[in-house]
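Student: So Swiss-Prot says this about it:
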type    : residues                       : note
BINDING : ARG29, GLU91, ARG131, LYS464   : (6S)-5-formyl-5,6,7,8-tetrahydrofolate binding site
BINDING : ASN236, THR255, LEU257, THR260 : K(+) binding site
BINDING : SER240, THR261                 : Mg(2+) binding site
DOMAIN  : 226-387                        : domain 'TrmE-type G'
Amino acid sequence: MNSFSPTEDTIAAIATAVSPGQGSIAAIRISGSSAIETSKNIVDVPGIQDWSTHKVLYGHVTEENRKKYIDEVLILVMKGPRSFTGEDVVEIHCHGGIIPVQKILERILAFPSVRRAEPGEFSQRAVLNGRLSLTQAESISELVSARSRKAAELAINGIEGNIQTTIQSIRKRLIEQLTEIEARIDFEEDLPLLDEKHVKNEIVAIKKDLNELIDNAKRGSWVRSGLKVALAGKPNVGKSSLMNRLSKQEKAIVTDLPGTTRDILESEIVLEGIPVTFIDTAGLRDTKDIIEKIGISRTKKTLIHADLIILIFDYSSGWTNEDESILKQLPVNIPLLIVGNKSDLMNDQSFEKVPKYILKKENLVILSAKTGNGEDDLINYLLKKCGSSQTHGLDIALNERQLDLAKSTTESLENINKVFDEKLPWDFWTIDLRQAINYLGELTGEDLTENLLDNIFSKFCIGK
């Protein structure tokens, strides 16, 4: 880790989610040299209670005149370096709700020595003070925002240091190869010949390990961000019924009137650890209704950003020119699944009303949103699309920042292979090798500037 100037000011922020009328407990976190003294100045603690480290005290936060209580609280005292940030930390736990927690924070921030914390600043101080690695801090943020158990599991693995250990091991192997090469450049006459074949083989092996991490990151992205599935089709083909069936909730209004859905509705389920968000869109058709037109416009924007589009048609009535027109309007770069709904209403003529080129499609599922018949086929398709079976055994998954740096590292290693092939001098070998080492150092936080750290932690939530 680079050496940055120590933090001198004291910071404070609400450390828990706060909503009106929700949550029985809230916490305010204070970190810095004046954290304990500030807390003593706003809290009345009855009896003889010890403010020594790792103690819990009971008391009341008072108004500035010390005559009125703001709230009844518990005070957790953690003196540095044995705290989350490595500094003196005090957490004040009060009753939940907006008013008490805001009044206590305002009371704390009234002291000149304390300022409001920036997003992620507590975690940033923990990294700067050596309490956490950068990847551990990022994993804490991932845990807070986890939308499934698998995502939380991956985040915990990162907090335990799995990402840091893995990347550091790869970086160490690269440093060993760089050391061998540079030693031959500086002291060629005093050392045995460089085993060029061994160096090349080791670079290939390292690149293979990195590519596995990159593949894992792609699989992990489904676990983290989930799959966005847009339900498209003409009005009254059962889009809303299908979403209600899949989500097990009455999210959308279901009627026999075409054009009932005029806005974008969403519902989320978790399939084997992967969040899947279904987006029920307004039916695509020509209409003079102004409100419905707005809904259709939003539908087209939603389709562009979906991971998968499910085009639904009425299987009992057959494939129509309107269905064909909608198919041609869909983005060609988004994966498509065609679903024939209302199979419970089909008759002998239904099959003949669907073109053979539609029936032959591998991405075709026939079902009934009303009865649930065929629902398993749709779920299995989604699981296959997510690659959920591949998430079993997935221990670590890089986030977007880490993934970009891992890709840059492999590009540098690929450049080294070109240098090998062109039989260039050893000096050329070291250029990309050193760059690859720097990329991995940036990934783990061992080779970072303060500006880069500020940028990374600005994406964290306040209070973390």
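Cβ coordinates are placed from backbone N, Cα and C, and glycine is handled just like the others.
These numbers come from a predicted model, not from an experiment.
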Student: Which of ARG29, ARG131 has the fewest nearby Cβ atoms, counting only those within 10 Å, among these binding-site residues?
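Tutor: Taking ARG29, ARG131 as the binding-site residues, the minimal 10 Å Cβ count falls on ARG131.
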Student: Taking 10 A as the limit, how many CB atoms besides its own sit near the CB of SER240 (Mg(2+) binding site)?
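Tutor: Its Cβ shell of radius 10 Å holds 23 other Cβ atoms.
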Student: Counting other Cβ atoms within 10 Å of each residue's Cβ, which of the binding-site residues GLU91, ASN236 comes out lowest?
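Tutor: Counting other Cβ atoms within 10 Å of each of the binding-site residues GLU91, ASN236 gives the minimum at ASN236.
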Student: Do me a favour and check the Cα-Cα span between GLU91 ((6S)-5-formyl-5,6,7,8-tetrahydrofolate binding site) and ASN236 (K(+) binding site); whole Å is fine.
Tutor: 55
Student: For SER240 (Mg(2+) binding site), what is the secondary structure state per DSSP, taken as helix, strand or coil?
Tutor: helix
Student: State the mean pLDDT for the domain 'TrmE-type G' (226-387).
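Tutor: The predicted confidence over the domain 'TrmE-type G' (226-387), as a mean pLDDT, is 77.
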